[in-house]
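Worksheet: one structure, shown below.
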Amino acid sequence: MGEVWGLMLWSLVAGTMMSGTGTRGQVEDELKGQLRVGFYRQSCPAAESIVSSVVRDAVLSNSNMAAILLRLHFHDCFIEGCDGSILVENGPVSEKHAFGHQGVGGFEVIEQAKAQLEAACPGTVSCADIVALAARDAVALANGPTYEVPTGRRDGRMSNMSLASDMPDVVDSIEQLKSKFSRRGLSERDLVLLSAAHTIGTTACFFMTERLYNFIPGGGSDPSINPGFLPELKARCPQNGDVNVRIPIDEGSERVFDKQILQNIRRGFAVLQSDAKLNDDPVTQSVMDSYLGFFGPVFGLSFEADFVEAIVKMGQIDVKTDSGGEIRRVCSSFN
Ligand code: HEM
Ligand SMILES: *[C@@H]1O[C@H](CO)[C@@H](O)[C@H](O)[C@H]1NC(C)=O
């Protein structure tokens, strides 16, 4: 007993040293370029509270909105960096109409926050920052970890659906998923942690068809689906049924932000094929196990803390901080 407590104490101390705001914190600040926590503290002190209150109201009236806003941040960051490019409506070529962004939403919530921000501090807060802050608030509203978001992103001036062809796809192999993440500076651990965002939210049956009825190779269903789960999945998304029907991604725990999704994936209860693929690689497998094993927590690995680190990192992909961007007046169109 004494040994276990000693170990826990040791890992607490070690954890504090490792994640403290000492030298490592300073190095990280430099790597973040000009992004910094509290960027709007002088120029628009109410910025973050305005976003929070709009997000809270939106989630209160649609409980799946937290998931929708979290997904929006991912889709924004992966194409042209976190620059709000996905929000722009510039005709049929708009990036937002790309196949890889199918089903992405939450635009109206971002636009509503933007309208309030323009009234409070015109021309100050970027749409890209609103997306990042909204995702943070969404995670907190789903009982996930709370964290600070470095801000100061500027909005991009490009929107073209051809740029979005490199979005991770639900039918990608683990190799493709790893390389799409690595091209954006994200590790295999980040891939696992960020996929765990699927702890909240739903998928349309549209994305289940290949996995349930036309799996490649071999046809039929994906053999990696736990046989105890397959009948349920098939019942919820019947062959030739309505592809717009939505089912929870984190079976049994879809409302709460927690690491249950990793357990589900390991047991063959992944709903999305891309989540199931995390079992196809020894590295991503062991990353999942590192959060699930008895010793995981003792040795200082916290799913919540590591998720925060990963999503903050995702939020820095190719950000525009100077003349490479603008502060849009309306998120759906360039100035
Ligand atoms: C690893 C590559 C990923 C793939 C292939 C993928 C794919 C998908 C698909 C197919 C859906 C269902 C969409 C729908 O039917 O509307 C979905 C939903 C979702 N994704 Fe991902 N995703 C990935 C990574 C991520 C990341 C990194 C995040 C956030 C950090 C994320 C957050 C979400 C959320 C929260 C939902 C639920 C949305 C809702 O309920 O409307 N995903 N994802
Ligand atoms: C979008 O990209 C395609 C392919 O690169 C290009 O042919 C087209 O002109 C672009 N459209 C706009 C409006 O930029």
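Just so you know, glycine gets a Cβ as well, placed from its N, Cα and C.
The feature active site, proton acceptor is assigned by TrEMBL to His75. A helical conformation is recorded for His75 (active site, proton acceptor) in the three-state DSSP classification. All chains included, 23 other C-beta atoms sit within 10 angstroms of the C-beta of His75 (active site, proton acceptor).
Around Asp76 (Ca(2+) 1 binding site), the C-beta neighbours below 8 angstroms that are at least 6 residues distant in the chain are Cys82, Asp83, Gly84, Ser85, Ile86, Leu87, Ala128, Val131. Annotated Ca(2+) 1 binding site per TrEMBL: Asp76, Gly81, Asp83, Ser85, Glu95, in sequence order.
The substrate binding site annotation in TrEMBL covers Pro168. The C-beta environment of Pro168 (substrate binding site), restricted to residues of the same chain at least 6 apart in sequence and closer than 8 Å, consists of Phe78, Gly100, Gln176, Leu177, Lys180, Phe181, Ser274.
Counting every protein chain shown, the Cβ of His198 (heme b binding site) has 25 other Cβ atoms within 10 Å. In the three-state DSSP assignment, the secondary structure recorded for His198 (heme b binding site) is helix. Per TrEMBL, heme b binding site is recorded for His198.
The Ca(2+) 2 binding site feature in TrEMBL is assigned to Thr199, Asp250, Asp258. For Thr199 (Ca(2+) 2 binding site), applying a Cβ distance below 8 Å and a minimum sequence separation of six or more within one chain yields Gly144, Ile249, Asp250, Ser253, Glu254, Val256, Phe257, Asp258, Lys259, Gln260, Ile261.
Taking a C-beta cut-off of under 8 angstroms and a sequence separation of 6 or more, Cys121 (disulfide bond) has the following same-chain neighbours: Tyr40, Ser43, Cys44, Ala46, Ala47. The feature disulfide bond is assigned by TrEMBL to Cys44-Cys121 (among others).
As annotated by TrEMBL, disulfide bond applies to Cys77-Cys82 (among others). In the three-state DSSP scheme, Cys82 (disulfide bond) is classed as coil. Cβ neighbour count for Cys82 (disulfide bond) (all protein chains, 10 Å cutoff from its Cβ): 28.
DSSP assigns Cys331 (disulfide bond) to coil in the three-state reduction, placing it in neither a helix nor a strand. Residues near Cys331 (disulfide bond) in space but far in sequence (CB under 8 A, at least 6 apart, same chain), listed by position: Gly84, Leu87, Val88, Phe107, Ile110, Glu111, Lys114, Cys127, Ile130, Asp155. Sequence annotations record features per position, and here TrEMBL assigns disulfide bond to Cys127-Cys331 (among others).
As annotated by TrEMBL, disulfide bond applies to Cys205-Cys237 (among others). Cys205 (disulfide bond) counts 19 other C-beta atoms within 10 Å of its own C-beta, drawing on all protein chains shown.
According to TrEMBL, the feature signal peptide maps to 1-15.
There are 21 other CB atoms within 10 A of the CB of Arg71 (site 'Transition state stabilizer'), with all protein chains counted. Per TrEMBL, the feature site 'Transition state stabilizer' maps to Arg71.
Shown in sequence order, Ala196, His198, Ile200, Ser253, Glu254, Val256, Phe257, Lys259, Gln260, Ile261 are the same-chain residues outside Thr199, Asp250, Asp258 whose Cβ sits within 8 Å of the Cβ centre of the Ca(2+) 2 site. Within 10 Å of the C-beta of Asp258 (Ca(2+) 2 binding site) we count 18 further C-beta atoms, all protein chains included.
In this structure the C-alpha atoms belonging to Arg71 (site 'Transition state stabilizer') and His198 (heme b binding site) are separated by 9 Å.
Just so you know, the Cβ of Cys237 (disulfide bond) picks up 24 other Cβ atoms within 10 Å once every protein chain is counted. According to DSSP, Glu95 (Ca(2+) 1 binding site) is assigned to a helical segment. Separation of the C-alpha atoms of His198 (heme b binding site) and His75 (active site, proton acceptor): 14 Å, rounded to the nearest whole number. For Cys205 (disulfide bond), the nearest of the recorded positions by C-alpha distance turns out to be His75; the candidates were His75, Cys77, Gly81.
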